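As recorded in TrEMBL:
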- 1-22: signal peptide (SIGNAL)
- 38-368: domain 'Glycoside hydrolase 35 catalytic' (DOMAIN)
- 185: active site, proton donor (ACT_SITE)
- 265: active site, nucleophile (ACT_SITE)
- 441-552: domain 'Beta-galactosidase 1-like first all-beta' (DOMAIN)
- 578-636: domain 'Beta-galactosidase galactose-binding' (DOMAIN)
């Protein structure tokens, strides 16, 4: 043993001790293979859990959401840890503010909830690149989720930072984490690399110890369970209310003949993609499936995605929250399918944290099998329709001047200062380090641009008096390219969509393409989802060359006070094409949650007080509003609004503050439910 080394010894412990029925210590959480159950402190135990992602919920709302989950009858919450949310650059870590996972875990313990932790390193979760950092792709030959040495080195470095924060919070150490998942739905990945799973098992054992229960989760297909399971990791399955419960658990029994039945992801809703209808699921249907499993004595974790066999299984929550900023991921099924900003997904707790009819149906079922907490369900958070902001199309106002005032729908009055700037006019602000020159286009990853936008700039090499085809090779626009000729918007090129435009012009005229990353693929084989121009553009099949690339740091500029702090140097003055609109408004003495509607706008992003609330895409839908947590608003002094519209603003740009969300241009349900 002395010559084996720590990882090898950890693997030996995992293989030999996990299946041994040990005497329970004062605090223990174990598998009982004889009685097919969990044992908590030596007593048979069955958990009923729901998923929540702290990364999709502002920190001031954590307590409210967790308390509502507890009052729903849940004993446990399931929590992902997105690697890319914390290691933003190689070796640069952020565990502060909304990213303080230790504070979140401590709050779950304070409220009496147990935790099932899912630290990846891959999590799916419809999160940007499945939680893997984009900077992994800086090495173009890296093979993700395999024994590739470059990938394993990055994983090991991350786990040595994260898991020591987790160990003191394990149940056996006096904490509330009862089990830890290794990887996620690995059987659905093409690699089927057992060496990779064994490496992870050894690392988790070495860093967390031999007592913690480690497990895997996969769908019920035979191939998925073959490639996603490993001796020493307890195998669980996931399925939804449309499945035959007996058959689904039969799949688990084929790989785990004994032990507790566990559905690690019971899907109770479904996600929205841009351009598709808003999904919803019957509360009665979900409740029936839940009751069937509880009658079998199974342990369950509820997530909000309905089972549709034509679609990949996903990682969705009892409370979904919001894909703020650039964190939404994408699926790929015949075509690229980016996920909406809202992560509501018809969940038991709505995007704004409100109890729904589905929550109370689930709570009623749970009450048939175990006592419910005493006391009322906390109410929905208060909402306020602050009214409208009129952002009229203007050039910059002279310093010291203010635009005409606007009015709340409630009759209140506030001064609104207006500014406007075309994006191409402020590249010096958005890319202070200047452009990078290359004969041919370079990707986001080649220039170490993780998220957001990049401008590709060149000139027409010859006169084009008659319409010529500006085109891109197949699959080379990742993901949307907004084309400007002489700063005049020409149209949009799109991944798996339109890839050509007709243009005319003279030699030497400027050609700019603003490339938008809509989120890297989070599920399936193609998680190496490079962004930007992956191939060269051509004009009538003749390649263009001599490119300047501007990686844009828009969020940094907005957080530092731009554009309120300084007016743009110039403005083209149009309302078509990528441009910024900004304003200032005041609340009437309260800072409640609200929803912003974009009447007549096309597609873009919104910041309030420097906080990136995510993408809107009213032309495509189904989401028509953005959720604004009250915690980002100021009371007693002005709130700044910045809008980046990418295609076309309305003739009279307005933002409307509502007290409920909109989907498919009809009112959605922000249910203020009571029992």
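In case you wondered, yes, glycine gets a Cβ from its N, Cα and C as well.
Where the annotation comes from TrEMBL, it is an automatic prediction and has not been curated.
The separation of residue 185 (active site, proton donor) from residue 265 (active site, nucleophile), Cα to Cα, is 11 Å.
For the active-site residues 185, 265, the greatest number of Cβ atoms within 10 Å around a candidate Cβ is found at 265. Mapped onto DSSP classes, the domain 'Beta-galactosidase galactose-binding' (578-636) shows 3 helix, 28 strand, 28 coil.
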